[in-house]
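Trainee: Before anything else, here's the structure in question.
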Amino acid sequence: MAENTVILDGTGVKRALTRIAHEVLEKNKGVEGLVLVGIRTGGVHLAQELGARLSEIEGVEVPVGAVDITMYRDDIKGHHEHLPVGKTELPFSVEGKKVVLVDDVLFTGRTIRAAMDAIFDQGRPSCIQLAVLVDRGHRDLPIRADFVGRNVPTSRSENIMVAFDADNKPTEVILQK
Amino acid sequence: MGFRHKDIIALKDLTKEEIELLLDTADNLSEINQRDIKKVPTLRGKTVINLFYEASTRTRTSFEIAAKRLSADAVNITASTSSVVKGETLSDTAANILAMKPDIIVMRHSVSGAHEYLAKRVSCSVINAGDGAHEHPSQGLLDMLTMRQKFGKLAGLKVAIVGDITHSRVARSNIYGLTTMGAQVFLAGPPTMMPPGIERLGNVTVCKDMREAVDQADVVMMLRIQLERQGKTLLPSMREYSRYFGLNPAVLALAKKDAIVMHPGPINRGVELASSVADCDQSAIMKQVENGVAVRMAMLYHVCGGEPVE
């Protein structure tokens, strides 16, 4: 029987996102040249939330896009049936932009590597920063997040799940044992 | 829901969910074709052999571009420049190609059922790029994708397919695919080109008059008169065919206002399609060609790694 522990409740998620928004603004000294790119699917919902907070604080709309990494995965051989492909939607050029890549959970780092490959196929950003709601460790690649909502040390057998409501708003983060 | 087939031989073999998955994948992959760098690393290291026993421009090119956009290595073999002209059998050709360790063979063959024969003899995936008068699944899928993009759905659409139904693998794939997806298909064509009992394929209505099929249609799909596949005995004259089964602006006016005109190409201008209709705003012919690349990318992606169907 799986045991679930709530790591962050709705209020905790909101606070974490607000803090990340302030950290993003501080590091980049505002939103000039900044774009947010969420990794499908959870990262996209979080990128939209983060974008809304940045706009509230700065009063300027920050462009938000979505990247699907299915075609960039390095484990295609391991799947008997291929995963469904999502749509990459970047309604702006990433050329010369400061890209903040957003994902819900940072684990092995392979998803982030794939997302960076996908972004570089669209142009050459001036830099890529990484924002995640939860960093659960177990990196396979030398990848580190610039902005982290919550560090949660886990075992490989555990699972972290970010729940969203019908409007795609994050409601809680759960540790499944 | 995944796609577990090793091969794609016919749309008849696919469920509604599998067709939907292929269309969704193609729809999402079409974004890659709009980029400056039109390439993703998905099938890096895979080899795709395009084995074409019949003449083809758009299908072969489309499969080649699709393979290359997924980073696969594509090799083209045409029958006229291969050992087929020296009398080699399909089985021997397949064995020799297989020894070179391809991952996918895309084949066009003039004999219906050739792909099924091949798929049973090779371990790699086989995709049907047209077999005789049987099926042309990639064309059926790209046609359905074009319709779905225009109308947002396939269920409930009225699709008129007009022309040489008997010899058309495009018609057969569309009939199987569209009826599986819940569309209504209306067929029209000279009685000599209408196979008896075709109504048994599903939600298909055979019309005596082309106008009846086109009336209030959402899609008017015209087929090419395939002179290479038939004797002249089936038609009194091209002029008469064009008069009764050619699409001109007056007949098109019977369809719905936002109806689209489709054709698998190449067009016999002035025969099945008036030039003014082929080039009008309602024509989706170039969109079909554009969608062809995305659909073939989706097919290559999903068969690679699939399992033989029991």
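Glycine is no exception: its Cβ is also placed from the backbone N, Cα and C atoms.
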Trainee: Besides B:R58, B:T59, B:H136, B:Q139, B:G265, B:P266, which of B:R4, B:R108, B:R239 does TrEMBL list for that carbamoyl phosphate site?
Mentor: B:R108
Trainee: Measure from the CA atom of B:R169 (L-aspartate binding site) to the CA atom of B:R108 (carbamoyl phosphate binding site) and give the result in Å, rounded to a whole number.
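Mentor: Given the Cα positions, B:R108 (carbamoyl phosphate binding site) is 12 Å from B:R169 (L-aspartate binding site).
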Trainee: Spatially, which candidate from the binding-site residues B:R58, B:Q139, B:G265 is nearest to B:R224 (L-aspartate binding site), comparing Cα atoms?
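Mentor: In terms of Cα distance, B:R224 (L-aspartate binding site) lies closest to B:G265.
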Trainee: Could you tell me how many residues in the domain 'Aspartate/ornithine carbamoyltransferase Asp/Orn-binding' (B:156-302) are helical, how many are strand and how many are coil under DSSP?
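Mentor: The counts are 64 helix, 25 strand, 58 coil.
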Trainee: Translate the DSSP assignment of B:H136 (carbamoyl phosphate binding site) into the three-state scheme.
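Mentor: It is coil.
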Trainee: With an 8 Å cut-off on Cβ distance to the B:R58, B:T59, B:R108, B:H136, B:Q139, B:G265, B:P266 Cβ center, who else from the chain surrounds the carbamoyl phosphate site?
Mentor: B:S56, B:T57, B:S62, B:A129, B:G130, B:V170, B:P264
